[in-house]
Every structure is written in structure tokens, then in C-alpha cells.
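One structure below.
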Amino acid sequence: PPPPPPQQFPQFHVRSGLQIKKNAIIDDYKVTSQVLGLGINGKVLQIFSKKTQEKFALKMLQDCPKARREVELHWRASQCPHIVRIVDVYENLYAGRKCLLIVMECLDGGELFSRIQDRGDQAFTEREASEIMKSIGEAIQYLHSINIAHRDVKPENLLYTSKRPKAILKLTDFGFAKETTSHNSLTTPCYTPYYVAPEVLGPEKYDKSCDMWSLGVIMYILLCGYPPFYSNHGLAISPGMKTRIRMGQYEFPNPEWSEVSEEVKMLIRNLLKTEPTQRMTITEFMNHPWIMQSTKVPQTPLHTSRVLKEDKERWEDVKEEMTSALATMRVDYEQIKIKKIEDASNPLLLKRRKKARALEAAALAH
């Protein structure tokens, strides 16, 4: 029999509908004032299940359509082993305001790069970098396969489940997540447009490509300890740095990169492409030998842990720069999408395109 066709994505089953509980959260959990972290939209507190005494994390959001969307998308993604799991969601009144209370598994292992920085003498290797990128890639692959772009993949949103060596790395904070299927797509049951500009059907590419850029930056830092784009003046994000990001100006300086193969540098180049539509997709990334066959990746010792230790006081700036770069990118891509859709529905442009295609077809016919 012929081999089965290759599947683009493993078939994931999406979690069944989210049931929001209306009873008071304090019926079921003991809420403490211990702050675990600050999410994009609010603090995260430590809480304990009254039934099992197990520890969980609680995120509080003021109820509004944006908060509902965050909860809904995070809930759908919550099946993935590399995404922080939502356990319960409550709608309660708090200080007279309607709030959504999200109970999540507690990730006690700290941030990705703190863990690498705190290593003793054993070197961090290229193979470990590949394994880490694979687990982050699995989270993104899951999201993209169910048409969600996270749009805020950055170091502080990557946390370990525990301090143990075998801990699992998970992606958190869905405050900027976005559904990428265009519901108002141009194809209706009785009308399939004969020709549609690819930019009208492909705006979701932009949102997803934001995640791919993040993968490139994180992979770069994993391999050397510093980011590809940084501001020279110690400002959070300088005009010069914005230009470098836009122009894709970065290097692979020695000694940190001298032992890293050309193939790996090429993978980073394909993730950091300045034109979002040319960036590698998550499927291509997951199929790359460096990711797919991480057991074959050489155990080259890297400079990462030493550089992170030496630049410890710069790390807050690095995080701020990435936060800022992602914010700029989200705004830019929204504007590009709007402009492309306007261009695509501009009758004069459409006429010119039609003419050009007719000429092209005629030329091919000869």
C-alpha cells in the first residue's frame, strides 16, 4: 500500500469548553499574599487547594472582553505539555468589580536563563541548547496548529516546573495571544473569489512570524549569552537598535561563535529574517535536523553561562529591550496588515493586477 501522506501537524485534540465557576474561589482555595510574579495584566499569587493542600498560581484579571479572550485562548492551549496548565477559572466580585481568577499550575523552577546562569562549573552545551529550543518549539507548534499566535514569547515567559534537573520548560502569559484565523474570510459558502491577493488571505502569517522571530532571538542568546540586537547607550530601546532590528543587522562574533556550525547560524538567520513572510514557519523549524535530531547535536561547550554571569546587571535591560521590540513588532504588523488589506481592496490596484496577470498568461501561452 502507498505510504500515508505526511501530516503537517500531529493531530491534537482541543480541550472541551471552558466552564467558568461562579462560586467564591475561597471556598476551594486558600489565597495567600505571596506574589509569584508579575504578568502583563496583573500579579500572580500563590494559593493552596483546600482539598489537597497542593500549591497553585493565581492570576487575577478584571473581567472584560480582552481578559475573556486571554482566558479562552490559554485554556485551548493548556493541553500542551510545554504550556502552563489552567486548572480552574472563577468569575468573582473583588472590591466591587467583576474579576476573572485563573488558577494555574505553579512553576517553581524559575526563568530559563536564570537557570543557565546559576549553573556551577559544568558547561552548558550546544546539545542542551537544541533540546531547550525543541521544547519551546513544541509549545509554538501546538499553538500555531490550533491557530493561536502567542506574540509575547520572551525569556521571562519561559519557566521551569521545578528546580529538579528533569524539570519541564513551559510557556506562560497569554496576555497578547491572538486567534489567527480570519473569521470574516472572503470565502463564503456561495462565493469563492477567483483571485485574492495573498496578503488578504495571509495576515495571520504576520502574527505567527512574531513568534518565529522570538525563537531566533532566544536561540541566539542560548548559544552565546548575549542578544543579537542591543542598544549601545544602555537605553531600553534606542533608535539605533530599532534600525538594526529592522535591517536585520547582527553578527556572530568570536570567540563565542567560533565553534558553532554554519548550519546553526543559518537556522538563526532564517528565523530573524526582516521580512516576516520570509521567516521560517514552525513546521520547517521543527523539521530542521538541529531540532529534530537533538540527540545527534554535538556536545560543544558554550560560553553562555559565563557570559550571562558576567553581564548579570545588563540582563534586566536585555529583557526590557526584547519586550519593547515585541511591542513595536505587534504594532507594526497590525499596520502592515491594515495597509495590505486596503491596497488589496483598492479598485485601481486590482485593475492593474488583473491586467498584469492577463499579460503574463498571454506570454506563457506563446
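Quick reminder: no glycine exception, Cβ is built from N, Cα and C everywhere.
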Please find, within the list 102-111, 142-151, 192-201, 322-331, the residue stretch that Swiss-Prot describes as motif 'Nuclear export signal (NES)'. 322-331
Among 317-320, 337-340, 345-348, find the range that Swiss-Prot records as motif 'Bipartite nuclear localization signal 1'. 337-340
If you count Cβ atoms within 10 Å of the Cβ of K319 (SUMO cross-link), leaving out that atom itself, what do you get? 17
Looking at Cβ-Cβ distances, which residues of the chain lie under 8 angstroms from T300 (phosphothreonine) while being 6 or more apart from it? T125, E126, R127, E259, V260
Count up the helix, strand and coil residues in the motif 'Nuclear export signal (NES)' (322-331) according to DSSP, in that order. 10 helix, 0 strand, 0 coil
